[in-house]
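Feature annotations, courtesy of TrEMBL:
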DOMAIN    8-124  domain 'Response regulatory'
MOD_RES   Asp57  4-aspartylphosphate
Amino acid sequence: MSEDKQPYILVIEDHRPNATLVCDLLSFHGFRVEWAPDGVKGLEMVEKEPPDLILMDLQLPRMDGFELTRRIKANPKTKHIPIVALTACAMVSDAERAMDAGCDGFLTKPINTRELPKTVRKFLEEAKTSS
């Protein structure tokens, strides 16, 4: 990610109201945001233009977030992209499954609109310092 461009965030979420909330919020805070409604479309978008960060629901149609995360992390061209799971599942076992699949973080819904932009920036900074 260069210093002079807006960070590109890909939101992979099948529930349109949640996707709209997250996309609008992050756009308002200066991020360039795109949306994919399912895992297959998300993978296509990642391969076409790798984002700086992915916010992903785990319960997705066509390919769930666990499988999608594994595929992204298995690809040498995309494995560096931070993936943060966004899910209504608040169980510790769900967080562990997400991390085992390769997610770099885990946030539960409903989204805290005050904290999400800060959390996204934190993950982007961590990714920048580790690359």
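Note that Cβ sites are derived from N, Cα and C of the backbone, with glycine treated the same way.
Cβ environment of the residue listed as '4-aspartylphosphate': Ile12, Glu13, Asp14, His15, Asn18, Gly65, Ala85, Leu86, Thr87 lie under 8 Å away, each six or more residues apart in the same chain. With helix defined as DSSP H, G or I and strand as E or B, the domain 'Response regulatory' (8-124) counts 52 helix, 24 strand, 41 coil. Mean pLDDT of the predicted structure over the domain 'Response regulatory' (8-124): 95.
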